[in-house]
Amino acid sequence: MVFRSIVRPLLRASKPQYLPARSPRCFSKSARLTESPSQPSNHERTTHFGFETVPEAEKEARVAGVFSNVAASYDTMNDFMSLGIHRLWKDHFVRSLNPGSSSSPNSPGWKMLDIAGGTGDIAFRLLDHATNINNSPSSTITISDINPAMLAEGKKRSLATSYANSPRLSFLVANAEELETIESNSIDLYTVAFGIRNFTNKEKALREAFRVLKPGGVFACLEFSGVTNPLFDAVYKRWSFSAIPLIGQLVAGDRASYQYLVESIEKFPKQEEFRDMIKDAGFMVPGKGWEDLTGGIAAIHKGVKPIEKP
């Protein structure tokens, strides 16, 4: 079975330095991605796009616009959003999953799917761990993303790895809510890092993750979450809403995309609620269901697809 119940110490990082901010929040209309967003009718299903309420049919296109804008500077964006420690979180995330591990020397390797993984940041780490730590050269991964610009960035970055143009690495343009080309019960490990908060229908995506995973397979999510200390939370929100959009404007010439991204963190379900969503999709949840990183700025959530009894 892929899942191993391993409890690791919480990731510890040095105390970050914050940029001064003049005001606690910046919610002006000029920070929106569209000057005159459409208003949902009484009969349309709606969802949130940051702090806006928009028709579900509109959100996908607007999120695509955000990530097309930030694809080339995605890691820089995550540096701003995580106070520079997202790389440590990602390393810890991968180690906690221990990809490629097996009790059998003749294991066929893991079949992994990294959703919203366009730039390959998680996928390359997973393959490196499977290859170098667990001696599993037959483990494979598919990087799936709804945004072709993000996948193009991942393909470009893959050229600097040993996995470029190899059968171990493939790319798929797909919506996580409708993985039609992925067979049911075919995946050992499903990962999504800093992506699920942007999905239009998170419950549908979780059910699709459950469908494609093998019995005993693992769903693993790394996402920005709810800071647990009230004082730290106030400082982090001040940083997020005041500094990050401004830095986005200065560094990337794109204040609006960064404004949406910090708002999307605020709207994402907190740890307990997201754990319950994973359970509602059919997964077994180990322990309390999540691990806080750096005081809850981010959290790792896991679920295991039950093995059917004969």
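For all residues, glycine too, the Cβ spot is worked out from N, Cα and C.
Over in TrEMBL, the protein carries these features:
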BINDING   Thr119, Asp145, Asn175, Ala176  S-adenosyl-L-methionine binding site
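Mapped onto this structure are the features recorded in TrEMBL.
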residue	record	CB count, 10 Å
Thr119	S-adenosyl-L-methionine binding site	25
Asp145	S-adenosyl-L-methionine binding site	27
Asn175	S-adenosyl-L-methionine binding site	18
Ala176	S-adenosyl-L-methionine binding site	25
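In this entry, S-adenosyl-L-methionine is bound by Thr119, Asp145, Asn175, Ala176, whose most widely separated C-alpha atoms sit 16 angstrom apart.
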